[in-house]
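*Asks:* Below, the features straight out of Swiss-Prot:
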BINDING   R92, R102, R130, D224  substrate binding site
SITE      Y137  site 'Important for catalysis'
SITE      K192  site 'Important for catalysis'
BINDING   D224, D248, D252  Mg(2+) binding site
BINDING   G282, S283, A284, P285, D286, I287, A288, G289, Q290, G291, I292, A293, N294  NAD(+) binding site
Amino acid sequence: MTHQIAVLPGDGIGPEIVEQAERVLKALDLPLELRQAPVGGAAFDQFEHPLPPATLELAQGSHAVLFGAVGDWKYDTLPREFRPEQAILGLRKALGLFANLRPAILYPELASASSLKPEIVSGLDILIIRELTGDIYFGTPRGVRTAADGAFAGEREGYDTMRYAESEVRRIARIGFESARKRNKKLCSVDKANVLETSQFWRDLVIEVSRDYPDVELSHMYVDNAAMQLVRNPRQFDVIVTGNLFGDILSDEAAMLTGSIGMLPSASLNAAGQGLYEPSHGSAPDIAGQGIANPLATILSAAMLLRYSLNLAPQADRVEAAVRKVLADGLRTADIHEAGTTKVSTSQMGDAVLKALG
């Protein structure tokens with residue numbers, strides 16, 4: 001069976017890093033059909049929309065999507081619906097992507113690159129699972145109005161709605177428990193149940209779902225404490241499951257524990273296992289075209305694609321082992337380079353991973 005992969009390089013460094021991930025996928029000699037399409041600012045320049053119908057159709061008809069990055073300062077003056085970042089939101093909605101998986105792994109060779117002391121972060125391996133479809137990002141009503149009453153009656157006020165449906169919480173909780181079951185059987189649910197009704201609802205439902213997973217140790221933590229504990233003692237965590245807003249913030253915080261966001265892959269999945277795979281970093285237009293971007297997060301995202309959407313765990317293991325090999329050999333792109341290591345370009349890092357694949 002041939003697996004069709006939609007390849008959407010995007011903007012900034014997106015094309016450079018996606019190119020290296022494509023090379024790795026092709027080197028595995030698998031029945032893959034890689035089909036490219038424009039997205040983000042690159043698509044707007046051609047079609048006056050960040051997510052053209054043909055690109056969306058390709059993504060919907062593919063087994064998985066390999067995504068680079070979108071965004072550039074030159075598009076910041078566009079109406080919001082035409083900005084490059086709307087492409088990723090449109091893809092999440094159209095594909096029904098509800099679970100974002102972001103590993104935060106500190107490779108031993110990069111321990112000194114972390115902003116924390118090695119004795120605190122050594123051995124770090126956290127999986128943060130973020131719900132993508134609900135919460136304050138998508139709740140309605142929202143907008144700007146004149147306050148009708150209260151302490152600020154008559155003033156303009158901005159407002160949003162934080163909401164979660166029961167089915168949304170239950171399905172992301174199950175992803176959390178299933179993931180924890182495959183790892184160290186520890187799941188921490190992060191909320192703000194001491195203040196927010198939405199969070200208390202979340203916590204109650206997670207506890208209900210936990211009864212189906214008696215082998216998984218469930219704990220709860222308020223988001224403010226979780227933010228502190230990620231810096232104070234990050235190794236206490238194995239799998240974290242949380243809502244859209246909290247997950248957005250905590251996953252970026254966890255990323256910096258690893259030394260470089262250029263090392264971190266991510267996967268966004270729907271109920272059928274179809275997924276969008278992208279590096280956790282942005283488009284970095286300031287370094288685009290210079291050949292210095294780190295492609296490893298995108299290559300590791302390709303490994304996640306093999307594992308989660310194509311069920312090709314052995315091939316995913318090979319890619320991840322190849323990345324560990326190049327790091328052990330002392331090869332570094334500019335973002336993770338330090339004294340005693342060898343600085344390489346984007347394409348040279350890709351070459352090294354291909355060589356390590358054998």
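Cβ atoms here come from the backbone N, Cα and C positions, even for glycine.
Keep in mind that this is a model prediction, so the values were computed, not measured.
How about a rundown of where these features are and what they're close to?
*Replies:* Counting Cβ atoms from all protein chains shown, R130 (substrate binding site) has 26 others lying within 10 Å of its own Cβ. Secondary structure at R130 (substrate binding site), as computed by DSSP, is strand.
DSSP assigns Y137 (site 'Important for catalysis') to coil in the three-state reduction, placing it in neither a helix nor a strand. The Cβ of Y137 (site 'Important for catalysis') lies under 8 Å from the Cβ of N244, L245, each on the same chain and at least six residues away in sequence.
For K192 (site 'Important for catalysis'), other Cβ atoms within 10 Å of its Cβ number 21.
Applying an 8 A CB threshold to same-chain residues 6+ apart, the list for D224 (substrate binding site) reads K192.
Proximity of Q290 (NAD(+) binding site) to non-local residues of its own chain (separation of 6 or more, Cβ distance below 8 Å) is seen for none.
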*Asks:* Cα distance, D248 (Mg(2+) binding site) to R92 (substrate binding site), nearest Å?
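*Replies:* Spelling it out, the Cα of R92 (substrate binding site) and the Cα of D248 (Mg(2+) binding site) are 15 Å apart.
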*Asks:* Provide the number of Cβ atoms within 10 Å of the Cβ of N294 (NAD(+) binding site), excluding the reference atom itself.
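*Replies:* There are 27 of them.
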*Asks:* Could you list the residues of the same chain, at least six apart in sequence, whose Cβ is under 8 A from the Cβ of D252 (Mg(2+) binding site)?
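*Replies:* Non-local contacts for D252 (Mg(2+) binding site): I261, S280.
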*Asks:* Pick out which of the binding-site residues R92, D286 has the most other Cβ atoms within 10 Å of its own Cβ.
*Replies:* R92
*Asks:* Cβ-Cβ under 8 Å from I292 (NAD(+) binding site), same chain, 6 or more residues apart: which ones?
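*Replies:* For I292 (NAD(+) binding site), the qualifying residues are T333, A334, S345, T346.
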*Asks:* Specify the count of other C-beta atoms within 10 Å of the C-beta of A284 (NAD(+) binding site).
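*Replies:* By my count, 23.
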*Asks:* Would you count the other CB atoms within 10 A of the CB of D248 (Mg(2+) binding site), including those on all shown protein chains?
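*Replies:* For D248 (Mg(2+) binding site), the 10 Å Cβ neighbour count is 15.
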